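Accompanying notes for the structure given below.
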Amino acid sequence: MSQRNLVSWTAMVTGFSQNLHYFEAISTFCEMRIAGENPTQFAFSSVIKACASVGLVEFGEQIHCLALKFGFGSDIFVVSNLVDMYSKCGVMVNAYNVFQEMECKDKVLWTALIDGYAKNGPFEDALSAYKNMVNEGIGIDKFVLCSTLGACAALKALNFGKCLHSVMLKKGFELEISVGNALTDMYSKVGDMESASNVFGIDSDCRNIVACSSLIDGYVEMDRIEDALSVYVRLRRQGIEPNEFTFSSLIKACSSQATLEQGTQLHAEVIKFNFDGNPFVSSVLVDMYGKCGLLDDSIRVFDEIENATEFAWNSMLSVFAQHGFGKDAIQLFNRMKNEGVEPNAITFVSLLRGCSHSGLVEEGLSFFKAMEKTYGVVPREEHYSCVIDLLGRAGQLKEAEDFINKMPFEPNAFGWCSFLGACKIHGDKERGKLAAEKLMQLEPENSGAPVLLSNIYAKEQQWEDVRTLRKMMQDFNVKKLPGYSWVDVGNKTHIFGVEDWSHPQMKAIYDKLDALSGQIKAAGYVPCTDSIPLDVDVSVKEKILQHHSERLAIAFALISIPSGKPIIVKKNLRVCSDCHSAIKYISKVIGRKIIVRDNNRFHHFSNGLCSCGDFW
């Protein structure tokens with residue numbers, strides 16, 4: 001066009017914005033100003049929408065100033081888009097100020113403010129704004145209801161969410177797909193899975209991947225893994241294709257339950273749907289393989305990530321820490337820095353844990369000191385607890401006590417539990433008693449404190465003190481957490497307790513255990529009866545040790561799992577020193593690798609040695 005007027009310029013700005021060419025809309029608006037044209041409210045609305053879509057809040061603020069200069073500060077279209085822009089960019093103070101300056105507020109303006117609060121917080125303000133909107137007599141539509149439901153989900157405000165559900169039914173919105181998605185998500189996040197499932201089943205059109213993913217995630221958060229997998233099977237049968245959020249939730253569930261069989265099948269599905277290049281999905285795969293005990297697979301998945309995000313780096317660091325590979329964690333941290341990825345609080349928890357499980361005291365203290373000074377990460381409770389654990393495991397109990405006394409706050413339960421565990425390992429009765437008292441004050445129902453203190457007394461053969469502690473536990477109804485070990489064979493999990501005779505193959509298991517006992521004694525194994533806190537004969541203690549749950553699980557695995565597959569045993573408590581010694585010998589005499597995950601870390605037993613180097 002040889003001559004461009006206000007209408008043609010506005011048409012181009014609006015056209016670019018409506019067709020998602022946001023940067024072209026912004027540059028055309030700038031050219032329009034250079035050409036000397038004064039923008040209309042429609043041009044302003046379109047360019048503000050473009051700024052909101054690409055997150056250019058600073059440029060948006062300049063447009064805001066220009067709109068005020070041209071007298072559009074009270075135009076409903078301009079103001080609505082300004083509130084929307086500030087909301088989408090997370091600047092809720094500005095969004096609220098613009099909203100308040102408008103005398104006549106319509107449905108679009110209210111919706112923009114509520115949606116901003118629902119996405120950015122404070123979530124309570126979204127609910128308050130909704131109430132005010134209703135009180136003002138403004139008509140409610142599905143968009144504002146969906147946004148408000150999002151705030152209810154974040155706050156776990158079930159009753160408010162049910163009220164909104166009633167409004168939706170009254171207005172006939174229950175068959176709207178977006179409403180069905182929002183309701184399913186809200187009920188899932190507040191833990192009301194029955195209502196979530198009912199909403200999900202109202203109409204087959206509502207069963208899209210958004211609703212399916214919300215339902216799956218809700219079941220995962222409630223530890224109802226079988227239900228989550230059932231929803232996945234249903235969505236696949238209905239021809240609904242999963243997305244990255246679906247896989248992330250399901251694989252996360254496999255991580256928390258350490259269910260390798262389902263995890264590997266989901267990995268195959270991830271590859272099938274071309275999500276193996278997704279950095280978030282890859283991160284949860286790294287975590288899943290690590291928590292299932294397959295460190296090499298975890299490393300392989302991580303190395304295949306092209307542009308690893310901080311989530312992927314932190315997942316791999318956490319895996320190294322849980323497996324006790326502190327030096328590898330430090331090397332990975334250096335690689336992470338070289339790649340220009342900034343460490344955060346989670347990074348340092350993994351680093352400190354890795355150093356603790358590897359006895360790298362100087363390195364761990366150095367990282368702790370560098371957190372705030374070098375990286376600007378303020379240490380939190382969990383970081384201080386990691387340092388207590390670091391010093392305690394290394395036997396530096398006085399240094400750990402001094403560190404506790406200099407802390408800016410009292411240690412949490414994990415900190416005192418770590419210190420008490422270290423006192424038990426290194427036989428420090430006085431400090432152990434102090435730690436037990438502090439832990440019992442924080443968690444009176446936790447049996448760990450009196451049990452560990454009892455073990456300290458038993459090691460010193462102070463049986464009267466042991467009996468006193470046990471009577472105290474009985475008086476206060478504090479029950480000792482029983483030790484269990486479990487192993488997955490096929491699609492079934494087999495659980496064992498101490499001297500457990502409930503398994504249908506128990507005779508074969510005990511025969512295998514007796515045979516192993518003879519083999520490892522011939523190889524040099526000597527039972528460590530000090531780990532049994534009972535005033536009984538040594539032969540009785542040896543029999544109890546031989547029938548510990550982890551040994552029963554290993555014996556069952558040996559008669560059930562073919563030699564080509566790894567033996568992975570999980571335990572809910574710390575593996576005792578005698579079982580640790582026995583499993584080393586078992587790995588030597590049978591010539592197989594055994595992986596044991598206790599409540600602290602992984603142990604990789606092979607050829608008579610453990611990856612922890614007898615430091616755990």
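For all residues, glycine too, the Cβ spot is worked out from N, Cα and C.
Any TrEMBL annotation is an automated prediction that lacks curation.
Lifted from TrEMBL, the feature list:
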type	residues	note
REPEAT	5-39	repeat 'PPR'
REPEAT	106-140	repeat 'PPR'
REPEAT	208-242	repeat 'PPR'
REPEAT	309-343	repeat 'PPR'
REPEAT	344-374	repeat 'PPR'
DOMAIN	524-616	domain 'DYW'
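Secondary structure of the repeat 'PPR' (5-39), assigned with DSSP and counted as helix (H, G, I), strand (E, B) and coil, comes to 26 helix, 0 strand, 9 coil. Tertiary proximity for the repeat 'PPR' (5-39) is limited to same-chain residues at least six positions away from its ends with a CB under 8 Å from its CB atoms, namely 46-47, 49-51, 53-54, 56, 59, 63, 66, 70. The average pLDDT computed over the repeat 'PPR' (106-140) stands at 94.
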